[in-house]
Amino acid sequence: MVLYEPNWDHHIPLPKLGPLHSRLVTAFVALICFINSYDGDFVFDDSEAIINNKDLNPDTPLSNIWKNDFWGSNLSSNSSHKSYRPLTVLTFRINYLLAGGLHPIGFHVLNVALHCVISVLMIDVFAILIGGLVHDGRGVKLSLFPKASFLAALFFAAHPVHTESVAGIVGRADLLCALFFQLSFLVYCKAFQGCDKKFSVLWIFGSILLCAVAMLCKEQGITVLGVNAAYDILMVCNLNIYELAHQLLCRRKSADIGGMMRSGLLMRLALLFLGGSFLLYARWRIMGTGPPSFTEVDNPASFAENVILRIVNYNYYYSLNAWLLLCPWWLCFDWSMGCVPLIKSATDWRIVWPLLLWCCLMGLVYQALCSQDSNKRRTLTFGLVLLVIPFLPASNLFFRVGFVIAERVLYLSSAGYCLILAYAVGYCSCHWKKHKRLLRAATLTLLCVNVARSAQRSQQWRSEQSLFTSALSVCPLNAKVHYNVGKNLADRGNQSAAVKYYREAVRLHPKYVHAMNNLGNILKERNELKEAEELLSAAVHIQPDFAAAWMNLGIVQNSLKKFDEAERSYRNAIRFRKKYPDCYYNLGRLYADLNRSIDALNAWRNATMLKPDHSLAWNNMVILLDNTGNLAQAELIGKEALKILPKDHTIMFSLANVLGKQEKYKESEGFFLNALKINPNVASCHGNLAVLYHRWGKLDLAKRHYELSLRLDPSAPGTKENYNMLKRKLEQRQRTVG
């Protein structure tokens, strides 16, 4: 390997620390940035990827993680997101097993620990990219730029744009991908530890294998092969691209080309190309039915009919990503649904930002290619390589992605930015020696600001309430932000406030069917049935296969006594979602209201077959059979239900009533008492048990439970009359005894 004399590293305004101390400091900085997220909740996408993902449950076969996508849907399904990350899901499953359930603290702790490890490994990655892979006579690796690599790693450890990946548990995919990305690169570098002209094919295969592991954590892992190839060409073969281009243009024979061929570059690049091609082919085969389908609200620029507009808006998105790296103050959990309006004309002032971005990039590329300083060329080139190559899968260049901006995809790309920033600090320190104290203060201030912003942002990621409300000032035009704030408020019982945010979501995006559905539900509960019907009808008109909206429309129509329309709505819901137990339950209620008892029983039976623990469906069957005089069948159904739901006090109560009517007093008493053990404050249960004792002749016990019932609910229907009747009977018995 060629040795490079450091000429700017010692000017960097940082103390020179040993390898161990620099790693400990980097890990500490990474830790303090995100440690306050360790006891946060499951937020945003965590609900789908973790809480509702059956692949985490130990009862689910482990083989399912290799057949399903990241969200637990089968990859062959048309509705699948096609994000194949089985190793990430496996770590979630291990977290679940170790914690004995869905306890978020273990998930968060592992995320923070991974970020610390990645930040520490970045020191080695940056040291190799800046100074090359150099060893002393004993084979010990030397770091020619210890301060520069340390500073770049500190910038990486504290960058606020990483918050989504670290504080959001779903960001585990980005963390694991980055870890194996680093390991793949470091293992590739190991192939050149010996003599300059020799390399180890075994280490190269190991690097490709680690690339495959990175891909099984997140698809972005494939990009490490591009970084490895760039390192091989620019560092191992020491190619000067500017000189090579000049020689080729002047038609002069280049000594560099022949030297590279003799060094085995073509063989190594062929191995990387074949390995990458195989991994891409395997990934394509696993994807099954083709790429995922996204809607216009997910990525509006990709749906623009005019190619020029599409290109302009893609470049505007790139400039916004660059701004998040430069000034990570405006961070948002979601950038879709109108958050970034499209540029539609040349007079839109925002067109300046893509132009400014390309001017800056061209300036960096010029310096990276044409500078006489080999250190500058090398550092800036690798900074651009790390900045651009990991971002390519999110660039819309090869396929449509399902987002406008996603902070998590910048996790790896930010390493390139941090390397360029560290070089900028070193360059300024080298050329502005009179202002060294000012530069030291500015560098320290930047690090402190980033640490503070990361800590503040990770605090916002601790709960959905703080996360969603923090986005209102960043993306006030984003309908999804208002929807999520409304949903969070509704889940916490504040429906009045939720209505305001749902209405704003629908105003911002008039075809937002999920906001219409949720708003319709709240209006239904507030008995504002007419507006609820209008909203839900509009939702199913916009999206005819929206099963939940059809069911909710049926409930509203049932309440409005529009029974025929309600039945049609329920049938539509079931047509679009075959396995829909809640819809069968509501259909049964409709039939019960229409005195179609057999149809009601069949609907509720379907609900329990699809969802065996559907308590309401079981209970309604028992009550309906009781009311229609089918006591024996009601008893059988009640006992069948309790085998599945042995602690359901409502079913115990209904079954006890049935047994009491059959004069099976002892058995009925047992179910009443068991129901009261589970929920002792149910007035109707005490009242009905009192009636049982009254009939049974146990008048003192009857008196006691009547009194308990009236104490819990003084206006309980019939209880006061029964109690007065019992008192008269007890007084009569007392007089008789007297």
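Using N, Cα and C of the backbone, Cβ positions are placed for all residues, glycine too.
Under the heading transmembrane segment, TrEMBL lists 20-38 (among others). Here the transmembrane segment (20-38) has long-range neighbours at 105, 108-109, 111-112, 115-117, 119-120, 122-123, 146, 150, 153-154, 157-158, 162-163, 166-167, 447, 450-451, 454-455, 458-459, 461-462, meaning same-chain residues at least 6 beyond its ends whose C-beta is under 8 angstroms from one of its own.
Per TrEMBL, the feature transmembrane segment maps to 112-132 (among others).
If you look at the transmembrane segment (167-187), the same-chain residues 6 or more away from its ends with a CB under 8 A from one of its CBs are 34, 37, 40, 42-46, 49-50, 70, 83, 85, 87-88, 91-92, 104, 107-108, 110-111, 114-115, 117-118, 121-122, 124-125, 128, 203, 206-208, 210-211, 213-215, 217-218, 220-221, 223-224, 227-228, 231, 333, 390, 408-409, 411-412, 457-458, 461-462. Residues or ranges marked as transmembrane segment by TrEMBL: 167-187 (among others).
Beyond the ends of the transmembrane segment (199-216), by six or more residues, the same chain brings 84-88, 176-177, 179-181, 183-185, 187-188, 190-193, 222, 224-225, 228, 264, 268, 271-272, 275-276, 279, 283 to within a C-beta distance below 8 angstroms of the stretch. According to TrEMBL, the transmembrane segment annotation covers 199-216 (among others).
TrEMBL lists 222-244 (among others) with the feature transmembrane segment.
TrEMBL lists 265-284 (among others) with the feature transmembrane segment.
According to TrEMBL, the feature domain 'DUF1736' maps to 290-362. Mapped onto DSSP classes, the domain 'DUF1736' (290-362) shows 38 helix, 0 strand, 35 coil.
The transmembrane segment annotation in TrEMBL covers 351-369 (among others).
Residues or ranges marked as transmembrane segment in TrEMBL: 381-403 (among others).
Outside the transmembrane segment (409-430), and at least 6 residues removed from its termini, the chain residues within Cβ reach (under 8 Å) are 7-9, 11-13, 122, 125-126, 129-130, 147-149, 151-153, 155-156, 159, 161-162, 165, 171, 174-175, 177-178, 181, 220, 223, 321, 324-326, 364, 376, 379-380, 382-388, 390-391, 393-394, 436, 439, 443. Feature annotation from TrEMBL assigns transmembrane segment to 409-430 (among others).
Mapped onto DSSP classes, the repeat 'TPR' (479-512) shows 27 helix, 0 strand, 7 coil. Taken from TrEMBL, the feature repeat 'TPR' covers 479-512 (among others).
If you look up TrEMBL, you'll see 513-546 (among others) marked as repeat 'TPR'. Taken residue by residue, the repeat 'TPR' (513-546) breaks down under DSSP into 27 helix, 0 strand, 7 coil.
Applying DSSP to the repeat 'TPR' (547-580) sorts its residues as follows: 27 helix, 0 strand, 7 coil. Residues or ranges marked as repeat 'TPR' by TrEMBL: 547-580 (among others).
Sequence-distant contacts of the repeat 'TPR' (581-614) (same chain, six or more residues past either end, CB-CB distance under 8 Å): 547, 550-551, 554-555, 558, 563, 566-567, 570-571, 573-574, 620-621, 624-625, 628, 641, 644-645. Summarising the annotation, TrEMBL assigns repeat 'TPR' to 581-614 (among others).
Long-range neighbours of the repeat 'TPR' (683-716) within the same chain, counting only residues 6 or more positions beyond its ends whose Cβ lies under 8 Å from a Cβ of the stretch, are 649, 653, 656-657, 660, 663, 665, 668-669, 672-673, 675-676, 722-723, 726-727, 729-730, 733. Taken from TrEMBL, the feature repeat 'TPR' applies to 683-716 (among others).
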Positions whose Cβ lies under 8 angstroms from the transmembrane segment (351-369), at least six residues beyond its ends: 241-242, 245, 312, 315-316, 318-320, 322-323, 343, 376-377, 380-381, 383-384, 420
Please indicate, using numbers and ranges, the residues of the same chain that are 6 or more beyond the transmembrane segment (381-403) and have a C-beta under 8 Å from a C-beta there. 81, 129-130, 181, 219-220, 222-223, 226-227, 230-231, 234-235, 241, 291-292, 294, 298-299, 301-302, 314, 317-318, 321, 335-336, 361, 364-365, 368-369, 409-410, 412-413, 415-417, 419-420, 423
